[in-house]
Amino acid sequence: MPSNKSVSDAPIVQFTNCRILRDHQLQREDLWVREGKILNPEKLFFDEKGSADVQLDCKDSIIAPGFIDVQINGGFGVDFSLATDDFKSGIDLVSQKILSHGVTSFCPTLVTSPPSVYHQVLPQISLRNGGAHGAGILGAHLEGPFISKEKKGAHPEHCLRTFEAGAFQDLLATYGSLDCVQIVTLAPEMRRSSEVIQELTKRGICVSLGHSVANLSQAEEAVQHGATFITHLFNAMLPFHHRDPGIVGLLTSDKIPAGRRVFYGMISDGIHTNPAALRIAHRAHPKGLVLVTDAIAGMGLAPGRHTLGQQVVEIDGLNTYIAGTKTLSGSVATMDTCVRHFQEATGCSVETALEAASLHPAQLLGIEHKKGTLNYDSDADFLMLNDSLYVQATYIAGEEVWRQDVSGM
């Protein structure tokens, strides 16, 4: 057998008998992996005269890129908006547990909190690659406190802030540091928000519009200054109105700068968004849809009382409310559930549903050259799923990090 040693001593794994999501289509071909990256088999054969060291029969599974959750507040009893001594072990627990739901990378999300919480928590969040220890951390998503009082949702009003004389300096003083920050959600109608959006964008931080009473022209202006995302579309914003569609109007706006795409998050849990609204958004702007869980500490736990930052929330079935109210406060849906519900509600293709949780969030964050696809040379973060889109196994950097236990079935 020809030697593989010409380029690397690392073993080459060939995944056979599978359908790979590549170029927006499920294609019946093998997946080749070496040193955590996806290999081009033609180069391997012709340039290296190489072959596989290990072959794995996927038994006709779908192989799709790993899911990327850009809005997750916690789960399994852990709340990312609580400053605790064992915060690091909490984030480790969540990153481990979400592997079973197909999430290979995520943005731990903090809801509106006092500055002291940001100052304590943010230094404890560090970017890291995924692996057997858990999903990779892409950076924090700070949802608030620079949001609208009228659309605060589950965010505590006493912690809300505006941009005062310092504008961007106010934001820096509130957060303490932007070192590990990937996304900031703010309300674009706030005075001096434009300069803040420009400053954040300049630093490579994604600006998302949400918890806002902005009209369409304010939203368009924010996009022109660099905003690229909408936090949980339809939730915590003005309802669509035909004379001024508000932030929702960005989906079909003709004022988006050339070459720029606006993405929008959707909580596809069957609670936050009526299936008809999900269909309207998807049909209006399919390439911008990003599935997010917006999961809270109660995800994966029994119904009852849990926290969301400074608030107490009650879980009743799939509904989560601020205790004693009917104000929705995050979700307890897992990412694989959201993908299945999205496909069922919209009737979209399997490929479209999978890309809304992988390719689109990667494009939003500008990391699609290494995550969110199965293109050659990208990171070998992928899932094996059955035809009903239930996750059977999760791989990070080509290594199996979770597998469905079928012994008890």
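Cβ coordinates are placed from backbone N, Cα and C, and glycine is handled just like the others.
Among the features that TrEMBL reports, domain 'Amidohydrolase-related' is placed at 62-401. Annotation source TrEMBL lists Zn(2+) binding site at Glu143, His211, His232. Positions annotated as substrate binding site by TrEMBL: Ala154, Asn235, Ala236, Arg243, His272, Leu328, Ser329, Gly330. If you look up TrEMBL, you'll see Asp294 marked as active site, proton donor/acceptor.
When the recorded positions Glu143, His211, Asp294 are screened for a C-alpha within 10 angstroms of the C-alpha of Gly330 (substrate binding site), the residues that qualify, in sequence order, are Asp294. If you measure from the Cα atom of Asn235 (substrate binding site) to that of His211 (Zn(2+) binding site), you get 8 Å.
Note: Ala154 (substrate binding site) has non-local neighbours Val111, Leu308, Gln311, Val313, Ile322, Thr327, Leu328, Ser329, Gly330, i.e. same-chain residues 6+ apart with C-beta under 8 A of its own C-beta. In this view, the densest Cβ surroundings among the binding-site residues His232, Arg243, His272 belong to His232, judged by other Cβ atoms lying within 10 Å.
Rounded to a whole value, the Cα-Cα separation of His211 (Zn(2+) binding site) and Arg243 (substrate binding site) is 21 Å. For the Zn(2+) site, the Cβ centre of Glu143, His211, His232 serves as reference, and the other residues of the chain with Cβ at most 8 Å from it are Gln71, Gly144, Ile147, Gly153, His155, Thr185, Ser208, Gly210, Thr231, Asn235, Ala236.
Considering only the binding-site residues Ala236, Leu328, the Cβ with the fewest other Cβ atoms within 10 Å is that of Leu328.
Measuring Cα to Cα from Asp294 (active site, proton donor/acceptor), the binding-site residues that fall within 10 Å are His232, out of Glu143, His232, Ala236.
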